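Here is what TrEMBL says about this protein:
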DOMAIN    1-387  domain 'Major facilitator superfamily (MFS) profile'
TRANSMEM  20-40  transmembrane segment
TRANSMEM  52-71  transmembrane segment
TRANSMEM  83-102  transmembrane segment
TRANSMEM  108-129  transmembrane segment
TRANSMEM  141-163  transmembrane segment
TRANSMEM  169-191  transmembrane segment
TRANSMEM  221-241  transmembrane segment
TRANSMEM  247-270  transmembrane segment
TRANSMEM  282-302  transmembrane segment
TRANSMEM  308-326  transmembrane segment
TRANSMEM  333-353  transmembrane segment
TRANSMEM  359-384  transmembrane segment
Amino acid sequence: MTTTTPPELARPALVRTGSIAAVGALPMVGQLYVVLPLSAEIGALPGAGGATAALASTLFAVVYAVGILGLGPLADAVGARRLMIASAAATAVVTMCTAFAPSASWFLLGRAAQGLAAAAFTPATLAYIARTAPMSARVPLNTAAIGAGLASAVVSQVAAQLIAPAAGITGVFLAFAAAAALAAVAVRTLLPGDAAPAGERPSLTAVHRAIPGLLARPRLVLLYCTGLTFLSVLVALYTALGADGRWSATTLLILRASSLPAVIVARVLTLRLSGVPAQARILGAVALAVTGALLCSSGATLAVGTGLFLLVGSVALAAPSVVAEVTRLGAPAVGAAASLYTVTIFGGASLGAPLDALLGGGLTTVALGGAAVLALGGLTAAIATRN
């Protein structure tokens with residue numbers, strides 16, 4: 001069998017890749033968080049119950065994680081770019097339909113369909129980067145993709161909080177449908193095709209057969225455990241923050257928005273720290289995340305704002321370094337390896353609300369418990385990346 005080496009993209013194409021990966025991640029990953037400020041609107045849907053709002057988030061995340069595992073590895077078989085286009089286009093259609101859900105049951109069904117449609121985009125993006133970018137550019141490009149996904153936690157909530165008073169759930173979801181459609185068009189028109197992995201493209205069944213082998217690699221499993229902690233703690237904290245009751249809607253909007261610049265800071269730091277060993281980057285970022293969670297536990301407005309800034313920024317700093325290690329250790333099955341990592345990230349997000357409930361729902365206890373969970377993730381990363 002002959003082997004082929006994927007051609008590396010020139011600098012302008014790398015810039016386009018990073019820009020489209022970031023802009024595309026905002027509406028795609030943002031679908032997970034967009035319902036968090038919409039509890040009242042969701043509760044007003046015909047047939048809604050007390051748990052409907054929480055289900056709207058958890059159901060999406062669970063189906064999203066399962067969908068990633070089933071669809072993400074297909075990047076190795078059908079091509080990462082093709083999978084990105086299909087995922088964004090399907091998400092646009094499903095989100096538009098969900099915008100007009102006549103009842104809570106139909107809305108929850110739409111949320112599940114959204115999770116499935118959006119599931120392939122992030123692992124396909126990471127596989128596209130791993131396949132087309134030189135090693136030196138992968139961490140910055142991963143930062144653009146994953147950082148935007150984390151930024152979407154802020155952007156989507158702020159957008160929903162601003163749009164909903166005038167246009168309701170329908171307006172919010174139509175805006176996100178349009179953004180997903182634009183992402184599909186941008187990928188289709190601006191990104192070059194990705195080359196096959198070494199040798200011929202594997203069959204659809206072969207890409208899934210790679211998963212057990214990846215899970216048999218201890219270092220990969222430990223890094224997946226680290227990824228599981230990131231969004232579980234972040235979503236748990238946002239859930240506790242919204243239910244705390246001590247802050248007005250305006251203050252909550254400011255607290256949510258104030259952490260957005262942290263993603264930009266993380267992007268700059270990633271470029272500056274590109275020569276630092278992966279273990280030092282990951283563990284330093286996790287230490288900052290633990291500090292951020294501990295600050296949130298005080299409950300003081302300034303401390304919570306600072307803590308969220310540190311937490312969001314440190315996760316945006318750590319996650320790209322972890323995924324670069326994952327795709328390196330998972331080669332040549334980079335699509336499957338990236339998919340498993342994305343499953344752990346968003347599987348962790350689906351655990352956010354249960355983690356909040358397990359820790360009692362109070363901001364202080366959730367933040368302290370979250371700090372412990374993040375520290376455990378740092379320990380698994382330290383073991384996985386040791387020489």
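Cβ atoms are placed via backbone N, Cα and C, with glycine included.
All annotation found in TrEMBL is predicted automatically rather than curated by experts.
If you take every residue in the domain 'Major facilitator superfamily (MFS) profile' (1-387) and average the pLDDT, you get 86.
Residues 126, 138-140, 142-143, 145-147, 150-151, 153-154, 220, 223-224, 226-227, 230-231, 233-234, 237, 255-256, 258-263, 265-267, 269-270, 278, 281-282, 284-289, 291-293, 295-296, 337-338, 340-341, 345, 381, 384-385 of the same chain, all 6+ positions outside the transmembrane segment (308-326), place their C-beta atoms under 8 angstroms from a C-beta of that stretch.
By the Cβ criterion (under 8 Å, sequence separation of 6 or more), the transmembrane segment (141-163) is in contact with the transmembrane segment (221-241), since 3+ such pairs are found.
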